[in-house]
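Below is one structure, written out as structure tokens, with a few remarks after it.
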């Protein structure tokens, strides 16, 4: 026997097919000309290919084990086993380098559709408590005329005569390794294996048409501006009647004339006169839950905040609600009649806050003096 193919692959004579294949893969990675251009390595690569061609084929292996020449029965020659009988191992070469054999067969016309997105505007109270919205969407749907097939009624897709339904065409080229077969998608059917001679007049062969429809969307309480709600299977229908993608509803919360939202809390400002701030009062306020009275305690200062617990936005996850924070702004009068000014001076005098003439103390101002400076814009 001229060549010991078992020794070439480095396996025992009783090695299993799995062991033979693993040995070939390992050597192919090491000795492939693209990895190692040494001429001696190229010869070695041809040897392992010839050995694998024989030992991976049960019939050829049996002839070889009995002392015959299995390659003489292959009907061809070619360098290194890449002759007419050697194409069966080309996928194993590809598998050794890319981890999988080259894909065969036509690709499917049926594919998943694209996702779609639409923006929906809601009011603040709808975001706080949740709501439902009817929305108009326009997406691709299955053509009812051809049921998504793309062919005109009474006709059907035909097997491509160029690739004979394989979806790819092959050609043989010669290299230093011998003959090599390469494949590419069929240019006539774009790799599908079928052609549509008479396209559907409704969808022009696409299998889909655009359609407007109404969907009801449930918007949960607590959604924030920019939140996206996923509606599975409500997006674009895929080519060839494939499954539809998803529809994403993006929430856009409109500004409110009274409240500003910060997370799940709401903020607003109430304005009261200085007398109300000094004496205390109750201020009516329209909240999301209806009319309520905000208790302003005596001595409240401008800029002070009063929380109304549980009057904010519903928590999206978990129970409860945020707070409504009321910010107090105290105003002082800009104009007073003589009687009002007299009374205010009297109050300042009673409180010891009126500044006596000729007794100025740096850094100290009474109530009336501070108010007067405010009136004059100082």
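Cβ atoms here come from the backbone N, Cα and C positions, even for glycine.
Annotated by Swiss-Prot as region 'Disordered', the relevant range among 323-350, 351-378 is 351-378. Apart from 160, 163, 186, 189, the residues listed for Zn(2+) 2, the same chain places the Cβ atoms of 106, 161, 162, 164, 165, 166, 167, 168, 169, 187, 188, 190, 191, 192, 193, 194, 195 within 8 Å of the centroid of those Cβ atoms.
Every protein chain shown contributes to the tally, and the Cβ of residue 186 (Zn(2+) 2 binding site) ends up with 21 other Cβ atoms within 10 Å. Of the listed binding-site residues 163, 189, the Cβ environment within 10 Å is emptiest of other Cβ atoms at 163. Residue 160 (Zn(2+) 2 binding site) is surrounded by 21 other CB atoms, counting those within 10 A of its CB over all protein chains shown. Between the repeat 'CXXCXGXG motif' (143-150) and the listed ranges 160-167, 186-193, 200-207, the one holding the most Cβ pairs under 8 Å is 200-207.
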